[in-house]
């Protein structure tokens, strides 16, 4: 049932929002800009500039190389913070390192090596491109086959789809907990159980899930996961990624990039690679400390909010957005390109429109609303419950409606638009 | 012939030093601390804190995701700056990405794939551990053999050593242009020519060479190189690494980590991986922008100094250090563990002493001189010509002499020392 769609109703929901106070913990440099792209790059936490400045001046500038005695453990320390506050994992199961792509490569290779003889990698046909490409590379190098799971472009996969595709030739399944385009949320526990039955590993990409929906890696029986920290985790542009390996699997799995941060007793610098017995074996090289440092203040705010309250607000924002789209945008040629059931979605929503590229660009330049375009014809809008208000969703969609109704986007020359 | 070893002579050399003014372009937070570890972590350039603060506040905080329209090319833009000012390479031959370890993995795998049928990887037995481990991993996965070149621990390898070890079974040679421990400088052109004769690729690790000695990748006929930017390039702790692939080879080589930053027309997000035709194919995932941003102010100072003037001063500082070590430290049980000929060394110097671990620790805590310990018994001292003065070398070695002469280090309980 659709609620009250007035702006006043949105204002009232903001007043009642238990997370409303946390918006002040972010830099809102331009109050006129409506930012609905926190699913791509999260906002700057207000505490981050000072934290970084201190790190640069004190830890680097003054302490110099001596700071490595603490930095050396940051990948693991930040991993434990993520495990506790975001990922539902145990201490020692998560590290922060490298990019999501490199982490996915490492864990996918480790899983394939641990499942020799099986010929198939299973992946959502609509999986984020880097994941698909990486698996194509691993398959090419090993003579394996990547089988894509065709899913409804808007509704996404269900655990049943996955279960039906599984057989004893599947070595590895790679899926996003929240799909990057449709926002479809998959039930981790159901997929993990189905895969375990046939002896396949599941490697989760949590990039759009971490910080937006409750993720219970340990409780859901997850084996492997990776994800980025620059979306709902607000770690900054290109912030280092995380990886998770279930404790019971760590001694059994080996990743292919044998760098010195994965070495047992790293500074002995012995002649032979001898991987650390624990999660450290999934590390490779020296981590980018400035980028790691931005994670702490971001996680502070997230821990304070708590993932359950974030999820509740995320559902509320999403439902408002869908209701407004139904009322205002359907008559203008938009269709919802995400699951309609809020329990089957993460925090972002996709709308399909034949002119989505021009609309997304005009929306930024003419209406000061930031969303993003995704091929082939999708406008993706990602309210972030830590700092997006109900009135932001209302105002953003009102501006979008007015822009399209007035045909403003049609004045943009489409040939000048670069797809990024 | 040994020069005047008085402190006054050192002061006079500082007065005459054409690079003396550049010391002010770095933060010297503690003038009493003598920092001889720029070969491990370079100092903080004075312009870096403001540059980072601007990036964080403006590009991230205010512009938000829109900044990706410029960030997207930073790996390549910074690579071109490195190519021009530091590496003697052509535009489009260098990118900044990932860690040195991950880059070495990518390029070594690419070279091995391009040289099928050959069974041997050749590496210096004293090569930096992460390089050796990575090659062991690649060899294990492909059934190849890693052959180590035994070199004199102090004098290091010569091109003749390498030439004699080469045969038509060698697919790849991995060497450091400047060895991490002894500081031995290899002649790139001579090694490249010898390897080309037998059809082997050479992959150079330039971590201790970039910014300390002139490197002419193009002119020396180099095929492949990697290196870090946090030592003599002053990019900050764990700053992203670079990789170089000779233009003529780029279309022929493919690396194994097929991430979306290596994809031709990345944002089309097409179904199949189709590597970019140029250096971009060696990229993988989203780069850590905060860490990349610190490279620009660091390269500004370096470009102003010019690599030839840096090298001239580096030789001067090294010769003073060796002369003082001969005069003061040999009687205390030290021996030089680097080539004596300054043209066969990079900018850092190693001294062997049976009690080097305790000495290196006491030197920091009791004498406020920062160098570092390297197994088995080495004290490594790295003056950095951009900001190290001749008097710093003089004072540092005088403090070292006095500390050891008084036996201060012997009071440190050796069992509490963690090797890092």
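If you go along the chain as it appears here, the first residue is 1 and each next one adds 1.
Backbone N, Cα and C define each Cβ position, glycine as well.
When the candidates A:120, A:145, A:218, A:286 are compared with the pyridoxal 5'-phosphate site entry in TrEMBL, which names A:100, A:101, A:128, A:129, A:130, A:131, A:205, A:208, A:230, A:260, the shared residue is A:286. Residue A:231 (N6-(pyridoxal phosphate)lysine) has a Cβ environment of 28 other Cβ atoms inside 10 Å. For chain B, the nearby binding-site residues by a Cβ gap under 8 A, listed in sequence order, are A:100, A:130, A:286, drawn from A:100, A:130, A:205, A:286.
Of all Cβ atoms in the protein chains displayed, 27 besides its own lie within 10 Å of the Cβ of residue A:230 (pyridoxal 5'-phosphate binding site). Among the residues the record lists as binding pyridoxal 5'-phosphate, namely A:100, A:101, A:128, A:129, A:130, A:131, A:205, A:208, A:230, A:260, A:286, the two farthest apart have Cα atoms separated by 30 Å. Across the fold, the C-alpha of residue A:205 (pyridoxal 5'-phosphate binding site) and the C-alpha of residue A:231 (N6-(pyridoxal phosphate)lysine) stand 13 Å from each other. Of the recorded residues, residue A:231 (N6-(pyridoxal phosphate)lysine) and residue A:100 (pyridoxal 5'-phosphate binding site) place their C-alpha atoms 12 Å from one another.
Note on residue A:100 (pyridoxal 5'-phosphate binding site): other Cβ atoms within 10 Å of its Cβ, all shown chains, come to 28. Residue A:286 (pyridoxal 5'-phosphate binding site) counts 24 other C-beta atoms within 10 Å of its own C-beta, drawing on all protein chains shown. A C-beta separation below 8 Å, combined with a sequence spacing of at least six in one chain, links residue A:128 (pyridoxal 5'-phosphate binding site) to A:176, A:180, A:205, A:207. The number of other Cβ atoms within 10 Å of the Cβ belonging to residue A:205 (pyridoxal 5'-phosphate binding site), over all protein chains shown, comes to 27.
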